[in-house]
Protein chains: 2
Amino acid sequence: MAVQTKATIASFGGKLLKLTHNASTTNCEMGFNLYLPSQANQQKVPLLIYLGGLTCTGDNGAQKGFFQHKASEKGIAVLYPDTSPRGLDIQGESDSYDFGTGAGFYIDATKSPWDKGYKMYSYITSELPETVFDNFQQIDSERVSIFGHSMGGHGALTLFLKNPGKYKSVSAYAPIANPSKCPWGEKAFSGYLNDKSEWADHDATELVKKWKGGPLDILIDVGTADNFYHEKQLLPEKFQQAAAENGQGGGVRIRFQEGYDHSYFTMATFADDHVGHAARYLFSS
Amino acid sequence: MAVQTKATIASFGGKLLKLTHNASTTNCEMGFNLYLPSQANQQKVPLLIYLGGLTCTGDNGAQKGFFQHKASEKGIAVLYPDTSPRGLDIQGESDSYDFGTGAGFYIDATKSPWDKGYKMYSYITSELPETVFDNFQQIDSERVSIFGHSMGGHGALTLFLKNPGKYKSVSAYAPIANPSKCPWGEKAFSGYLNDKSEWADHDATELVKKWKGGPLDILIDVGTADNFYHEKQLLPEKFQQAAAENGQGGGVRIRFQEGYDHSYFTMATFADDHVGHAARYLFSS
């Protein structure tokens with residue numbers, strides 16, 4: 001569970017740590033970033049996990065998301081994991097931007113050879129947070145929230161819905177909200193999973209239909225100029241509709257942001273809202 | 001004076017425009033970014049020019065500086081120029097990170113072959129702003145401030161000091177404040193300028209000794225973990241001392257920021273302070 005510190009960077013009164021560790025779930029060394037706000041010097045702070053989108057590493061959100069702005073004010077640690085294993089030398093691993101390297105989809109692969117290390121579900125829900133809690137005692141393992149962008153929005157929604165009570169809150173930017181029904185998700189699920197019967201268990205729209213964990217309060221931002229929204233890769237309306245069918249329609253708040261696209265400029269603009277959403281749950285008694 | 005719009009990106013309620021134009025001073029097509037806050041839809045807004053450091057383009061500050069956060073609140077347009085001409089095919093132009101491409105140093109070269117297009121002083125003080133004012137009538141040409149980072153901090157200080165009254169305010173992050181006396185500046189000035197007698201006219205520490213333009217109020221942030229500060233590339237104390245010799249010591253406010261480095265994480269952290277500093281002058285009557 002040892003971590004190596006590659007860099008310590010001052011940011012908004014706290015510290016951004018660039019870290020690596022040898023992960024057994026993913027079968028390789030994994031890099032990640034951890035932001036510790038100044039409050040962590042005096043007291044236990046809660047943790048907000050940010051899951052990145054296709055092609056990203058833990059650096060993109062840390063550099064361009066501006067989540068540290070509000071997290072530093074509220075006293076929240078932010079964890080920026082990578083989006084896949086790296087360098088497993090699986091044939092075809094780096095052939096496309098939307099499968100393999102940089103595209104782990106936050107699921108545990110069941111199909112060979114991907115099952116060798118593409119276990120991002122286990123990595124994000126278990127191994128990485130346990131490593132963080134072990135090494136950073138100032139982080140409160142009982143107060144964890146999650147959010148993400150695009151593929152990471154899919155990850156945040158599904159991890160939240162599959163683990164009632166594990167995360168205090170969830171929000172997403174432009175999530176792939178119904179992956180069984182869009183090209184990105186179909187490619188990933190058919191590539192990583194042995195059987196189509198496994199898909200529903202990793203699809204937020206299917207999961208929310210079966211949610212029994214109490215009233216939902218999910219914040220989702222989607223830009224009206226997001227080309228992937230128009231290409232029907234995201235399908236947030238399907239998620240909304242499925243929640244409504246389960247009597248949770250009011251628990252899914254989708255904000256269509258006029259003129260905003262799929263980029264980090266959108267995330268930075270609404271960063272305070274998403275971190276603030278998490279803060280309301282991380283600091284409620 | 002025509003500009004081409006390559007992209008329009010929503011950011012903090014306004015628009016970030018990615019633009020190009022054929023510049024006569026630099027003898028090539030130049031790219032730049034311009035942030036228009038939402039207030040520009042209703043009224044004239046002032047302009048804040050951000051000058052980037054070595055190796056940067058107009059993208060770095062726009063993506064990682066977080067300047068739009070406060071600029072959108074105050075109603076300030078932000079101009080992000082490039083840091084040199086590109087593609088002039090001068091021998092050796094791309095051989096090093098600190099000379100030639102990405103390293104124009106905001107001076108007009110007098111030495112051949114660099115005098116062919118390395119005219120960043122004229123470009124930034126005249127051609128680019130005139131192009132912007134021509135094409136964006138909602139920007140008020142009478143209210144302009146300037147700031148920058150590292151090489152761009154040198155640029156901001158020297159352009160301000162050489163043109164009393166042209167800019168309403170100036171501030172800098174980690175400026176190369178005495179380039180005649182540091183390796184970066186010596187390399188650039190000896191490369192671009194024919195004679196050492198020309199150096200003082202582009203050195204903020206020399207210029208501030210001769211300043212006659214009224215009380216100064218210059219904000220400078222330097223991180224105590226900035227390796228270039230420790231390597232004596234920046235020399236902010238020399239600038240402070242020179243200002244004091246001219247009776248302006250109180251007009252140079254250097255904040256040594258504990259633990260901060262030379263990166264954009266430092267800029268983002270103090271972005272609100274620098275944009276706020278400009279706002280006080282841009283909106284004073």
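Cβ from N, Cα, C; glycine included.
Residues annotated as active site, charge relay system in TrEMBL: B:S150 (among others). DSSP assigns B:S150 (active site, charge relay system) to coil in the three-state reduction, outside any helix or strand. Here the Cβ of B:S150 (active site, charge relay system) has 24 other Cβ atoms within 10 Å, regardless of which shown protein chain they belong to.
There are 22 other CB atoms within 10 A of the CB of B:D226 (active site, charge relay system), with all protein chains counted. Under DSSP, B:D226 (active site, charge relay system) is assigned to coil, being neither helix nor strand in the three-state scheme. For B:D226 (among others), the entry in TrEMBL reads active site, charge relay system.
Positions annotated as active site, charge relay system by TrEMBL: B:H262 (among others). A coil conformation is recorded for B:H262 (active site, charge relay system) in the three-state DSSP classification, outside any helix or strand. For B:H262 (active site, charge relay system), the same-chain residues 6+ apart in sequence whose C-beta sits under 8 angstroms from its C-beta are B:S150, B:A174, B:G223, B:D226, B:N227, B:F228, B:Y229.
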